[in-house]
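Chemist: This structure is in structure tokens; I'll ask about it shortly.
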Amino acid sequence: MKKQTLHSPSYFVSGGKNPESLFAWKNVNCEIRNRKGEVFFEMKNVEAPEGWSQLAIDIAASKYFRKVGVPKTGHETSVRQMVDRVVKAIVASAIRQGGYFATRKEADIFAKELKFILLSQRGAFNSPVWFNAGLWEAYKAQSPSEHFAWDEKKKSIQATKNAYERPQCSACFIQSVDDSIESIFDLAKTEAKLFKYGSGTGSNFSKIRSKYEATGSGGKSSGLISFLEVLDKGAGAIKSGGTTRRAAKMVVVDIDHPEVLDFIDWKMREEQKAHLLIAAGLSADFEGEAYRTVSGQNANNSVRVSDAFMKAVEQERPWKLKARLTGKVLREIPAGEVWNRITRAAWMCADPGIQFHDTINKWHTCPETDIIHSSNPCSEYMFLDDSACNLASINLVKFLNDTGDFDFESFIHTARTLFVAQEILVDYSSYPTQRVAQNSHDYRPLGLGFANLGSLLMRKGVAYDSDEGRAWAGALTSLMSGVAYLTSSEMARAKGPFAGYRKNSKSMLKVMKMHERALNQVAWKMLPAGIDKAVRNLWKGVLYNGEKYGYRNAQATVIAPTGTIGLLMDCDTTGIEPDFSLIKFKKLVGGGEIQIVNQSVDAALASLQYFEDERQAILKYVEENNSVVGAPQMHPEDLPVFDTATAMPGQRVLSPESHVKMMAAVQPFISGAISKTVNMPSTATEEDISRIYFLAWKLGVKAVAVYRDGSKQSQPLNLKEKPKVVEEVGVPNFTMKCPECGSDTVLTSGCYRCPNCGTTVGCS
């Protein structure tokens, strides 16, 4: 039977029009200043769509525009150029690969639709696509390469010669590491290659022998922590994408490793050392002498816990720590003691996070190949070792129409278009090792996701912490994943399923049925009529097509932190996070900023049917008080709609439980996991953190990290004032600062994001 090709319909752009002609354009000057008021970045006469904010344009120009080798101007000067080079590269690669489009006309229609989506800020690819894609095609950019890519003619993985002809486009990598010097330092090399081109990577280091075990020559092993310190220093020396952000990495250790207690305490202990040095007069900057002196500051740390361990904690039973090579029990300690060390460290410095091993592998589509051991730096991508995932995120707010209704049809079209583009990127891209390249080609995992959920809910007048809010989140996530997997099955019909599908077909179809059964958890009655039936029919199609054709991609969706690309899309909130504050700072043309009320507040008041004069009075009150509590004309029953992740003392704030419940509403419909910070007040106790971790486990969340207000003492920090020693823990109070421009950062979705220059730390 002749294979089919994908149909690419016109939707946003019709009648032979160019997508650029559907936008009004403007020219602005970009200027970013550091905390001293000095110009940090400057570019004159930058062209962008009229609807883009000054901040979004600043992000595009400073982070994503090509800065060298562009004919005539020397650097890119327009959002039009940036989007054009990326889209042309993707479509040209699709034509070379074959099987995606029946004709050049179909390919041209797809290119127009994708351009419109990107220019209208309905969606965006992960940062490495903007950094690297299209630079060879548009500007003949060259850089020596030690990467590997799929060769369509030779039907095998081949070494590449030019880093930009087959660019690195995936943000997320998971790499294996074995118990040998060669493997450990091979990892150091591949990590450096990934960081250089703007990606992040994670590894599970549990195979490495502990300091309590012998080497092959009869001596004692150096131990896990000693090697982690070496790799940490390497990451600290590299900025991803040249100058865009620091290296992002994840370190995972299993709960039965003999050095797990040292690992749990590692970052906390090192930060205490740094603070003693700072108190003695050394610089508090992240790149200052104090933080350069200590280790453990350049990664997110997570402990991999099993159901057996969690039950041992509940039942107050002992826990066994086992030798890596022999499996011999080296030590037996109360499970509760290990657990208390985890919650204590998280209380003091927000690390380590927790990954729930059995929950993760319960939803694994390819267990016949191997189990899932680790994740990327922000914990949203969880798949096989030595694999990669390119991300794209949809801006949910862009699908609210003038009446406040959600445009499901255009959302579906956007999700499908982005997903096809992501699939094309798999074999367009290169990878740091031959094994990662082979697994990427053979399994083709993708990470479609969304941003701005918190803003969407507020604008609709729906409380984040409500059954209706969780119903919206679950419905939109199930719809997005259903579209992605249905599209994947259509691509499998056209080009064949992923190479590892046959071995894993039963397991993958089982997981698809689990996703479908989870639809029964959504409170559909709280949503617009007909959505329930439409989503259920969609998933019937996913199962029918999957059984008939298989799937082109082993994974389809994640919820990423959308750190920098969230700013590019003018998102008020990232990932599934709630709004951070009712007050925002708006950047002005030519520099500077003004304080404004979050735009979602007025939209919410309109959705709740407040009159114009009532809305204006409430907005004025919010501007002066950063709260709706006590505002004139405010109805008490509407107050939960305006609850945020943080608040001034005594004001309304979302509970930590509400964060976990939102994660649980979304998790059953995601291939991977969710990058999310559970915000907790400064008054939270270790017992409170323990309760949140247990709640996440019991609700089926795959991974969780907490942030107790004022606790974080790693990453880019600066003293806000003369240190006040906290008597109980012996460390000073600090305020987060951007390592690039020095502005205050915001912790969101597990990442520190600078709203001034767009720098992110820990995000990919």
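Glycine residues also receive a Cβ, built from the backbone N, Cα and C atoms like all the rest.
What Swiss-Prot records for this protein is below:
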BINDING   Ser127, Ala171, Cys172, Gly200, Asn376, Pro377, Cys378, Ser379, Glu380, Pro561, Thr562, Gly563, Thr564, Ile565  substrate binding site
DISULFID  Cys172-Cys389  disulfide bond
ACT_SITE  Asn376  active site, proton acceptor
ACT_SITE  Cys378  active site, cysteine radical intermediate
ACT_SITE  Glu380  active site, proton acceptor
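Tell me about the setting of these features in this model.
Modeler: In this structure, Thr562 (substrate binding site) belongs to neither helix nor strand by DSSP; it is coil.
Under DSSP, Cys389 (disulfide bond) is assigned to a strand (E or B) in the three-state scheme. Note on Cys389 (disulfide bond): other Cβ atoms within 10 Å of its Cβ, all shown chains, come to 31.
In the three-state DSSP reading, Cys378 (substrate binding site) counts as coil. Neighbour count (other Cβ atoms within 10 Å of the Cβ, all protein chains): 34 for Cys378 (substrate binding site).
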Chemist: In whole Å, how far is Cys172 (substrate binding site) from Cys389 (disulfide bond) when you measure between their Cα atoms?
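Modeler: Pair distance, Cα basis, whole Å: 5 Å.
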Chemist: What number of additional C-beta atoms lies within 10 angstroms of the C-beta atom of Glu380 (substrate binding site)?
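Modeler: That number is 31.
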Chemist: Determine the Cβ neighbour count for Cys172 (substrate binding site): the number of other Cβ atoms within 10 Å of its Cβ.
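Modeler: There are 32 such Cβ atoms around Cys172 (substrate binding site).
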Chemist: Hey, what's the widest CA-to-CA gap across Ser127, Ala171, Cys172, Gly200, Asn376, Pro377, Cys378, Ser379, Glu380, Pro561, Thr562, Gly563, Thr564, Ile565, the substrate contacts in the record, in Å?
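Modeler: Per the listed residues, the maximum Cα distance equals 18 Å.
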Chemist: So, in DSSP terms, is Cys172 (substrate binding site) helix, strand, or coil?
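Modeler: Once the DSSP labels are grouped into three classes, Cys172 (substrate binding site) ends up as strand.
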